[in-house]
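One structure is given here, and the rest of the page talks about it.
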Amino acid sequence: MGTDSRAAGALLARASTLHLQTGNLLNWGRLRKKCPSTHSEELRDCIQKTLNEWSSQISPDLVREFPDVLECTMSHAVEKINPDEREEMKVSAKLFIVGSNSSSSTRNAVDMACSVLGVAQLDSVIMASPPIEDGVNLSLEHLQPYWEELENLVQSKKIVAIGTSDLDKTQLEQLYQWAQVKPNSNQVNLASCCVMPPDLTAFAKQFDIQLLTHNDPKELLSEASFQEALQESIPDIEAQEWVPLWLLRYSVIVKSRGIIKSKGYILQAKRKGS
């Protein structure tokens, strides 16, 4: 086992929190898998390669410090937005709550995305449906704590517009009627319905909600898949001690040309019992 893995394992054994950021995937060059078959495969590949890169650059000073929060970054790929170009860019994000039942994860994710990209505000954040137990139908009560936090972030000007994902007409209507800050978009997975449901289309049109399509799996990142990626990258670790709390995927698009300038992932994980 390499020294890199031992040092990384020692740090992870003492830390309570892991922040992982891939930087701009467009800057990865040959490191990036050319044709990942799924979003889940791309994500897992990104997690492993970011962990490997971080492990290989651990300094003796860091090992002596044993920080409580580990910043695991693909350092050469980090790219902040030039303030002079900010008005020309649209910064969008999709937030996936994984192993957290705390709505504060929403604020943490948005704050971290703003910091990583060097911006004061995100133009749009779509919230993937929070995890619920098998056999339980998603209800307004499941969405409310996360949506309230998104509303707070809109009111404090950290986000311009907020949207939902995979809500049917009834769920979207309930959220719309209850919410102070209304959803301006709802993503629909075309793998589950080849044609937009007419009742959803009619409701969205009536209330000026944009219907978008996506092809994310129901579970983009599971606790098990994260732990497997962690174990493979850093064998000298008790990977089952670590739980991913949330994952944020962002993209930066040049408005006038519609091209992607930057895209990447940010993730927060916590060690159990810490």
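Every residue gets a Cβ built from N, Cα and C, even glycine.
In the three-state DSSP scheme, SER59 (phosphoserine) is classed as coil. The number of other CB atoms found within 10 A of the CB of SER59 (phosphoserine), across every protein chain shown, is 9. Residues or ranges marked as phosphoserine in Swiss-Prot: SER59.
A simple way to gauge crowding: the CB of LYS263 (N6-acetyllysine) has 15 other CB atoms within 10 angstroms, across all the protein chains here. DSSP assigns LYS263 (N6-acetyllysine) to a strand. The N6-acetyllysine feature in Swiss-Prot is assigned to LYS263.
Counting only the Cα atoms, the space from SER59 (phosphoserine) to LYS263 (N6-acetyllysine) is about 28 angstrom.
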